[in-house]
Structures are given as C-alpha cells and as structure tokens.
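Comments concern the structure below.
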C-alpha cells in the first residue's frame, strides 16, 4: 500500500482563539470567571490546606527578614532545601517588596539541582510590573515563554496562571499587554491572539504599541485577513490608530489583494484628520505594483503630489517593480537613470536588484548581467538576491549550465547560497530532467547545513512526476514523512497527479480523503487536480461528485474547474453536459477561455455534431477570442476524421495565412487521413518533409497510385509549405517513423509497412511498443495471426516487453477467428507475464464467447471482472 502520512498537521494560519470578540471591553469592576483560572485557584487553595506542603512559618519569616535587610548572603547559615512551595510562598509573602523577591529568585535560579517552575515566574513578573521595573519584567517574561511555552497545553497553562495571579494579587494588569507583545515579537501569533482575545474578556485594553507589534507580525506571516479582523477589534476597544498602524492595515488589505479597499481606507483616515506618511503610500504602490496595475500606481503618485508627500527611494523602487511586472523594462531602466541623476537619493543594491530581477523574469539575461556589472562598477556589492534572480532567470529560460556556473561563483563574492538558491537550481535540474544532479544538490544542501524544506521536496517531487519517475516520487513522498517534513497543498496535489498518472485511482481517492481531513479545501487547486485526474481516467461521475463536494465546502470553482469538467464530458462523449457546464459558469460571470472553446469543438466532432461548430466559432469570435494554433489543429483533425480532406486542407492554408506555424501533430493527422483514404503517394509527399529519407522509394509507389486531382495538388502545396529542417527537429524521428508505419497499416498496406520497418532498422531505428503494436494490430485485422505472433516474438528478442494493449490485440484477433481456446490460454498467461487484464481484455473475450453462443463462459468472465473491481461498458446477453 502507498504510505500515506497520518500525523496531524498544525496549520500555521490558525484562527483567533475561540474567535475574536467584536464587542466593547467590559466595564464592570468585577472580573469575569474563567474555568481554567478557577481550577488553578482551587489547586492553590488545596495546597494551602495541606500543611505538609507548606514551608515552616518560622523559616519563612527568617528568610524574608534577611532579604528585606538586603543580606541574601546570610541565608547560607539557614538550613533549608529550595523547592517550588518555598519559592512560591516567599514570593507571595514579599509581593510588595520587588527587590527582595528578585534577590531570592536569582538565588533559587542559580541552584545546581533546582530551577523555579512556571508559576513562580508568573508571581515574579506581577511583582516586578507593579514596581514599574518593566525592563526586568520583559526579561523574565521572555525567559518564561522560552522555557515553558513549548506547545498548546503548556502555553495556555502559563497564561491561565498569569490570570490566576492577577486575580489573587489584584495588581499589574500591564503584564497581559507585555505578554502579548512578547508572543508577537517571537512570531507566536496564535498565542498572542489568545492573549488579545482574553484581555477583552478581562476588561483590559492592550497598548497601541503591542497592537502594532501583533498586526505587523500577522502581516509578515501572510495572515492579512486576520490582521484586518484584529484592527476592527482594536478600533472597537477605543484605541486610536497612529501612522504605523494605518500603514500596517494598508499592507494587510494589499496582502489579500484588496488594494482598492486599502485605498478607500487611506482616504477615510485622511478625512478623519490622520496624517498619512510616505510609508503608507508606498504600501499602496506596492499593492498595485504586485498586481501589475500601472494606472493604480499613477493614481497613488498623483495623490502623494496633491498632499505634498515627498517620494523617497522606496517609492521609486516600488514604481520600478510595477514596470517590471508589466514587462515595461525600458521605462523601469529610465527610472533608474532619473534616480541616479537625483543627488538626494542613494541608489543601492536593492534598486539595481529590482531591475536585474525584472530582466531575468523576461528572459533578457544579457541585460540582466549588464545591470549587474554596472552595479559592481559603481562600487556596490552583489548580494544573494541578485544572484538568486540570475540563477532563476537562467533556469527558467533553459540555460541551466549558466545557472550552475553562477551558483558556483557565489563563493568568490563571499556569498553563501541560501535555501532559495538551492531550490531554484533544483527546479532547473528537474525541469530539464536532470534528476540525478538534483539529488546530488540535495546532498550538498545537507552537507552545508541547509535542511530541505517542503519547497525542496515539492520541487523534486514535481521533477520526478514530470519525468515519469513515479516510483521514485512515491519513495520520496514516504521519505518526506519519515523526515518529519509536513506536506502542504502543493505536495498533495503533486502526489495526486502522480497517482492518477500511474492509473491508481483507489490510492488517489485515499489520498484525497486525507487532503479533505487536513482541511486543504480553501483553494480550488486541490479540487481542480482531483477533477482533472478523474476525468483523464474516464471517471466523470466521480469527478461530478468532487465538484459537488467543492460547492458544499464553500470553495468557489474557477475557470479551470469548469473547463476541466467540461473537457472530461467532451472526452467521454457527453457534449451536452459540457455545454451545461458552460452555461453554469456564464451565469457566475466566468466566461470561457479559448482553451475551453477548443475542448467544446473537439467534443462536437467526437459526438458527430460538427454542424454546431460554426455557431460556436462565431460566438467565440464575438467575445473577442481569436482561433489559435490548437483551434485550427482541432478543426483540421475533426474534418479529417469526417473524411472532408478538402475542408481540412482549406483550414490548413487559412492557418498559414494567419501566421501560425504548422506542427508535426497537425501534419501527422493529415498524413494518416491520406493513408486511410488510400492516397499513399499524397501522404508520402507530405511525410517526406517530416523525415530524413526518400519514402517514395521505400513505398515503391506505382504510377497508377499517383493521382493528378485537386487533393494531390493541395497535398503538394502543403508539402511545399513545410520547412523540412524545422519539421525534422519538431518531433523525435522515432515518432515520425511510427506515424509512417501506422499510416500504412491503417490503409491495409501491411507488407509495405514491414518493408519500411526493415529499411528503418538498417538505418538504426529503434522500434518500440507502439511500432510493434501497430503492426500486430494490422496483421490481426487481416487475419494473419501467425505473422502477428511472430512479431510478438520479435519484440521479445529485441528486449521490448509487450504491454496489455499488445496482448489485447492478439486476443482480439484470435477471438475474431473463433479460436477461443487459444485466446483463453493467452488470457490465463497474462499474470505470468506480469500483466493485469483490463476492461478491454474482458470485453474482447466476453464478446468472443457471445459471438459463438457460449453464454456460460461469457457470464463467468463477467462475474470475474466484477470480482476484480473492473467496470465494464458492455453486458453479455
């Protein structure tokens, strides 16, 4: 079984503890009750009632007296053992004497076999805070959190104890605010939110500084939505925001993609009399720049000018970022020159780095290097960001060797590659199929003390799946769990894709249940991956169920969702259902893309409804969508299948006129259609341009096969339109040669196909499963089963293992000849050959037995098929 991870994942973006309370703080003088605190108070009272746990009152008095006299060194003359009960009792006894309390706590902490427990810390921080010894209070709160807040249980226990001490002492509520800030500064936003929430219950109001710290950490932790909710609560508490809070809230809105909302917020603040500084405006510019909205950036700049807010180097850098996002590199570089001429601005590595990154994203690597070199000539030093941008640019634009060279050169600039550097180069290796180099780089990461993150694993997983190394991907997934690296949404979607490509829908469904259980249901990506996998396997009904589940869980389908499901319907022959999906998405104001129209056109051809294609094309063009190369390829293929070669040829020439370059897929379809129409010479004329030898000679086409009609002239014209060198490089020779063999076989020219194969073998051609399966199928159709089996034996001699499709072809040929005994024997040997019969295998045999009237054998096979969990599209009579 596929090893699925079962350990629970704690999602980093947890909601507010018990939800945010959007009410005003309590005004009552009495403190609200708290179950955890009541339990803690009862424990304290019970301990007091147990005399065996209390220290000797005389000893307590002696220690307290010496501490109050500031003579802690004299305590050595007293014989006592440090314990939690003694420490807590003394702190309670000395709660109005912070210096004495602190002196004893320091002494206790220095003991070899004793360290104060967390309730002692809670007592001490209240004592110190009451005395306004805030520096010491913060220091001990940091110690308390570092030592005792290791998980949910311990952290909430610490907070409950702090509340209990506050209720007992009746002073120092500022401790709550200070604890909130400590949690926020340490990035423990989940617990900071808990403190923030509970302060409202206790009628306490956090300080503006602590709120700003919490909001800032939420935004930096990509929790913009939560930050906006916290801000709303802050305002309800009566806290007046300052310019820092306004800037943080703007960034929170922009983080969620709501830049217009952020703009409205700034305008509201200005109407209320708040002075908005350049930092806030820079946040708006960054928001629009990330969206590539240059007009939005211009509006913000105009607003800054109207209000007299001066632009700084950050403003210009963010404006440059916007131009780079829109690929307007000339304007971005002009900004650099303006900044250089302005003597008041310091143009640093960040500015140059932004421009370098922009050129890298566009693939203009020469310009990127030119700007990098200019930066070095100006006396600035290159940094990791600039190097990572260049490595990423080279990798994305298929120059991995250059990326590798630059990666190795980083050491000469005293730069140490970081995890992003490694992950970027890993992605480059995987994209190019250099998996062994990727694994070697992972080992290097470990040697250099950089632990592979979930991004690292995802990168290699994607590379393995893309290269077809599915078993290795499964092993890496298992290793990921053993190393304690929690998979994220990308990890799960990659593995779903892997399992579907393996054809293992059962394990994919098991993994899908785990995805739902881990609540990865907020994004449409997971649903789209699942729907796509099921549709590719022909399981459209199951895909429909996933689509319905998506709506139940409140995840909105996007254009990809609708297109994927529509494509599944089209491929399964349910084109009417596909058009229903189109209607649903249009009601949701989501309009079909050119890809979806191409899929619908293909579906209409498959369902023999080509008369509706013209109307669909008209609708597509009415919506401003022009046919692309795929559209023409689909139309040409459809017309070829209908035998309308003249129409297909007209479409081909129309495609050429519109500037689209024909590819081998389109030309191969035309060639195979000509073969099927018994126009061998016409097919050969075109195919000649796709291969690197004279097929006319091999085919030995006689004069009477050469026609001189309109189609022949058009075929010659198509051949003349092809750039032979480009076509030879567009597909591997093996694929083109297989097309030639398949075309001959489809036209019934098996002897000529075998003749072509003989010539190709002498030229170094390596036949594959497809080559032999095509020839075996042709022999079987012609009833030449001896030749078919001889070809099977030839495959084995060449080390090519026949697949289930090959054996299905052989079994089908035997069944058609009525040789059911031999067909049954071959079926029984499949397991010995390491092959598993599929639905096609069973249906061939069932049909064969039905054809000879042996209903009993057909029924037995039907029952075995159901027992093996294989669905059937046929039922024996």
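Cβ coordinates come from backbone N, Cα and C, glycine included.
For 172-206, 277-311, 312-346, 383-417, 418-452, 453-487, 488-522, 523-557, 558-592, 733-767, 768-802, 803-837 (among others), the entry in TrEMBL reads repeat 'PPR'.
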Tally of helix, strand and coil residues over the repeat 'PPR' (383-417) according to DSSP? 27 helix, 0 strand, 8 coil
Is it possible to list how many residues within the repeat 'PPR' (453-487) are helical, extended or coil according to DSSP? 26 helix, 0 strand, 9 coil
Non-local residues, at least 6 beyond the ends, that sit with Cβ under 8 Å of the repeat 'PPR' (523-557): 489, 492-493, 496-497, 499-500, 503, 505, 508, 512, 515-516, 564-565, 567-569, 571-572, 574, 585, 588
How many of the residues that make up the repeat 'PPR' (418-452) does DSSP mark as helix, as strand and as coil? 26 helix, 0 strand, 9 coil
Looking only at the repeat 'PPR' (803-837), how are its residues distributed among DSSP helix, strand and coil? 25 helix, 0 strand, 10 coil
